[in-house]
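Participant: After the structure tokens below, expect a handful of questions from me.
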Amino acid sequence: MKRIGVLTSGGDSPGMNAAIRAVVRKAIYHDLEVYGIKNGYQGLMDGNIEKMTLGSVGDIIHRGGTILFSARSEEFKTDEGQFRAIEQLNKHNIDGLVVIGGDGSFQGAKKLTEKGFPCIGVPGTIDNDIAGTDYTIGFDTSLNTIIDAVDKVRDTATSHERTYIIEVMGRDAGDLALWAGLAVGAESILIPEEKEDFSSIVQRLKNGHDRGKKHSIILLAEGVGSGFEFGKRIEEVAELETRVTVLGHIQRGGSPTGQDRVLASRLGARAIELLIDNQGGRMVGIQKNVLVDYTFDEVFNVEHTIDKGMYKLSKELSI
């Protein structure tokens, strides 16, 4: 193993730059050359590859986004696209690849590994929806962004005595809504993994109103449905003045938290160690603060689940 490639793919997440930095610096520490691949798998197929140095990753650990940019590619999902990618890797004499991204990115890395090119996955997604790791890079930063936004919304909700629906990201996973909801003391938390009867939500709001509560906060993951549609139903049935805030892509941006920077540094460095050991087809993760790694198949075959105890606690505290 003499040359390592690194790319970011799929949706960006705060801390990706910290992971890139760790990959580059760890590789150079072990006398390896590192090549950055811009624009994800599309850039790999197009040969958008350049050598990286210590200077390439200077002053980036605190920056959100990804200096390598990211893109989605339908062409790469085909065998032809994957062979084009391998041709570019061979052309640049790259021996192993670090892929920073989510589930879809790892599907691509698995395909390359099956075609004989070793890849290691580093989980970077704000959704925290990947099995085999307690946390993904970017989750903590996004969580804190949501908390900060909801705290501000609560100020105006209190002033105007309104019920606010806060829609957050999470198409298939409700970790962001659950963790943020518990952190801000939301009256209701709606996530894809748990179905809640609409009438019970309305009753909880009415109970609060009857005992003098003047405002309420509801956290809703986008996978549950439209915040605007839900808010309309609440207003019609509960007869409470309602407003909706969709946080959108602000959840993906911003300077990463200390936790995300440390996690990204640890996972990025571990990815290089696995490649040096001639391993491929694996994802690095963290469980109970210990670094772990699993095959891509092991990751794909286990469904990510929410913390049932935390969900139960959120229900108990929102009476």
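From the backbone N, Cα and C atoms, a Cβ is placed for every residue, glycine too.
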Participant: Have a look through G11, G15, G36 and flag the one Swiss-Prot assigns to the ATP site that R72, S73, G102, D103, G104, S105 belong to.
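Facilitator: Of the residues offered, the record points to G11.
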Participant: Given that Swiss-Prot annotates R21, A22, V23, V24, R25, G185, A186, E187, R211, K213, K214, H215 as binding ADP, state which candidate in R84, R154, R243, R252 belongs to that site as well.
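Facilitator: Only hit among R84, R154, R243, R252 in Swiss-Prot's ADP site, alongside R21, A22, V23, V24, R25, G185, A186, E187, R211, K213, K214, H215: R154.
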Participant: Given a 10 Å Cβ-Cβ cut-off, pick out the one of the binding-site residues R21, K213, H215, R243, R252 that has the most other Cβ atoms nearby.
Facilitator: R21
Participant: Can you tell which of the binding-site residues V23, E187, H215 lies nearest to G104 (ATP binding site) in space, using Cα positions?
Facilitator: V23
Participant: Residues near the ATP site, G11, R72, S73, G102, D103, G104, S105 excluded, by Cβ within 8 Å of the Cβ center?
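Facilitator: Once G11, R72, S73, G102, D103, G104, S105 are set aside, the remaining close residues are S9, G10, G40, G101, Q107, G108.
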Participant: Select one residue from V23, M169, I250: among these binding-site residues, choose the one with the most other Cβ atoms within 10 Å of its Cβ.
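Facilitator: When each Cβ's neighbours within 10 Å are tallied, V23 leads.
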Participant: Taking the Cβ of S73 (ATP binding site) as centre, how many other Cβ atoms lie within 10 Å?
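Facilitator: For S73 (ATP binding site), the count of other Cβ atoms within 10 Å is 19.
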Participant: I need the nearest neighbour of T125 (substrate binding site) among the binding-site residues G11, R21, D103, G185, E187, using C-alpha distances.
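Facilitator: Closest candidate to T125 (substrate binding site), judged by Cα separation, is G11.
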